[in-house]
């Protein structure tokens, strides 16, 4: 019970929901713990799981604490598929494992019934993989060379919900082969498939009894169908009919159709067309209507089929049309071509041939004469105008006779050398003017869909809508979506798509790669691909406009046809009828357009594309495209309208060069040139004052790489930016996968050169790897030692390529020695025999070792797999070990490199000759530097020795040597020169932390390249050491102090002399400054000042006059620095001792001085004012100039 609980816990953690048998019982019930292991034994562990410590071995057994996986399983818990699994139980489950499957994965299952022509049935419980990239292939047989039944991808069934109805797959050969391939980019939850041998379809779905596998089911009352999975009268005929239980169908009322009478005829309805004769399914074909017949040409198909077929739409009968074998003029089989009808002829152009080449020939099939003619084989182009559009793959094109326009919608476009995008673009091409116009996009990207114009609408059905940049919903891989484009309104609508409730079919309705025609106002859709090749015909009948009696209903109903209201007659009529009648008053409203025209306009980078569309764009003088009006930039823009599109014809930038994404396609246009940034540019030149497009000179064009399609080997292909498909042996452009292999034609691809060796069976040398390749089987040599060869083959025997296809060749390997599901029990690679199953006798022979003698012994290299030999390592005595596969030596001396340790690492300053006997490599140490060597990287793990050398250059100075090792090691030190042999100075010193000194008297340094050699050895990594050589003279103390004293005294004397010179210079500067100040004061302007002088006698002997030494100035002129000022005051001139002033003189003068600005102590100021009461303050209105910024003593003028 505990093991059951652990298994349940692991499943929950691993997100296995939806991939196991669905059980709706209560988890809390104790019965679940007993029932769950039984259920899971079908879906997870057919061999029974076991516990291994804390891990469950889902598909293996526990051995020594780890899981040993069964054949075809891998992972720590043996929970993921990874090889070939054989199933022979009567029923069971097939799953990729627990959780999401791995990327870059290959798994195969072979179901053996044990009886030829017994029926093996497969039913899908869960399926979720990456659309168009991760495929599950199902073959009716025992190998990939058997007929293909299906190739599924995408989200088909998830959590019990069917996104796409998948029919029960039946293999009638008695064997079924399943192959799952996941690329290296993306992974999802995978799949869970139930199988049963010799049972009734779906085991009668629980609504009947299985009489026998050959007789089928006897259904219960109310159910019908091969598997009793269809109600006789679904939904009780929806209230619009009567159930006829004898005929097992609903008899619908008037105006209602469908298996449940739920579809009103006047709204448009879907039906199945039951053909008298069945044909094989096909996709990527073309269909054309001629009179009452649908002609189908080419396409891809799983089983051989005629290239040209005809379906009589009146008789509902198929007819194969064989080519004119006698004349020998028949087209090669192809897909992706184009076919139109002209003058009783089918005109077919281009396509991709079965060998992978793309053709551009033009064929015509004369329907009346029933023969093919080759018309043109070559190229013919003409120039186009208006919008510049980009070519793609998988788009649709149809012609409207009313507007005279060809409408091209959707497709796959390249974005660069390795990127692609799915588009929803709609182009219109006017063949009369040879011009393109951009129309409203659909907001629903897709490719390989169909489009048909009927009564003013373009009806688009199906297609592949998966795009890796969008969320991957279930219906995008094989879309059943039904869209309509109203031509006159430039608007899109979504119509009612077919569904299992409407049509009686098991094949599903979502598809791509189908074709459609218009016959008697109904659309017929044939074939396509949705994991299986479809051969069914769907019919869509549009509604009847005349049934709508209200004008608003007439214009807005989604009946698969365009209806308009005739106001004169108050009747709703088809658009085509009204267009052919005389002018009448019509009412035909248009839906709102849900598109971001601002963004659409901004995408247009060229003037013609900007103006030739229905987005309402204008071309601005700034060279940008805007919606309706240009942005205001401060400069008035010159705005071009749609009516001025002719002005863009001379725009030199109007070129499609930027839409060409590889070198070769770029050079197909004369004005285009491929540049080193991997982009294609338009080249122009100036000529006669005019700029025009110009061809790039050949010598300026870079040389293009070899085209991918011309590369014939995997190694050559992956050496460039190409993709190699191993199953088709083709090399393609890395962005062309969706166009070259749209329906799973490539079973494995790679862009990496290292994967090339395992893609071909003959290159594989082990049975285990051989059986992991879905194409290969193992032929044992019969010795019982595990030696054999890997060959293409099946469970029945080996296959060989005969130039056109693979065929079974039993003589290539005896039946008893052929192994396809399991390897021989003894796998000793020819170097031993087994004592017991899968246990090789030891020791292995031929210098090998390993559990299966699969490795070379230490000191030897080679590939001993499958009888290979081992060769001794050749390392010039610098190692005894090498890489056991490549033989590259693990050199034990640092600085020695090369495959055979034959050279020194000169880039890192190691010199020497390791090839000569006793030679080695030495690191050349520079004198006077300390070096640190850290050998702790993974690449250093084999080092046990390092050598150094140093050449002293000064002959009369001793050499000091220092070394420090963090781990134990030994050191040898030697010395030698050109004339003296090398002699050992120290031997096997313990390398710790020590210094040595070597006298120059005992060793001749600097003469004849005397060299020290240091060998550090016997260490193990990680290892760190420091080492240095240095030469320093001995210090003489007396000489040092004499020299120091002399220098110090000399410096003192020089300092004293400089100080005297500075004093002299400062005095000179002060004098010069004084002269400048006097000149400034003398140059000041003068003004008239009126003063009043008291004539009273002054007592010169008055002591107070001598104390008045702080006169009040009449002006104070601050300098511009604010630190000094020119002070002006009035002074009395001396009288020479006489009391009166001499006649003619006032005895008064103006005096100025340059003073420092500062504050006067308050006490001092008060004293002065008290002592000099007679002082008067005299103001001056003189306008004085600023003076120089100087500070000096009081100076009289």
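Positions of Cβ are set from backbone N, Cα and C atoms, glycine also.
Annotated features, as they stand in TrEMBL:
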type	residues	note
TRANSMEM	21-40	transmembrane segment
DOMAIN	81-198	domain 'CUB'
DOMAIN	196-229	domain 'EGF-like'
DISULFID	200-210	disulfide bond
DISULFID	219-228	disulfide bond
TRANSMEM	1037-1061	transmembrane segment
REGION	1177-1197	region 'Disordered'
PLDDT averaged over every residue in the domain 'EGF-like' (196-229): 90
Length of the line joining the Cα atoms of residue 210 (disulfide bond) and residue 228 (disulfide bond), in Å: 10
DSSP-derived helix, strand and coil totals, residue by residue, for the domain 'CUB' (81-198): 0 helix, 63 strand, 55 coil
Lowest local Cβ density among 200, 219, 228, which the record lists as disulfide-bonded residues, within 10 Å: 219
Rounded distance in angstrom between the Cα atoms of residue 219 (disulfide bond) and residue 200 (disulfide bond): 12
Neighbour tally for residue 210 (disulfide bond), based on other Cβ positions within 10 Å of its Cβ: 16
C-alpha spacing of residue 200 (disulfide bond) relative to residue 228 (disulfide bond), in angstrom: 10
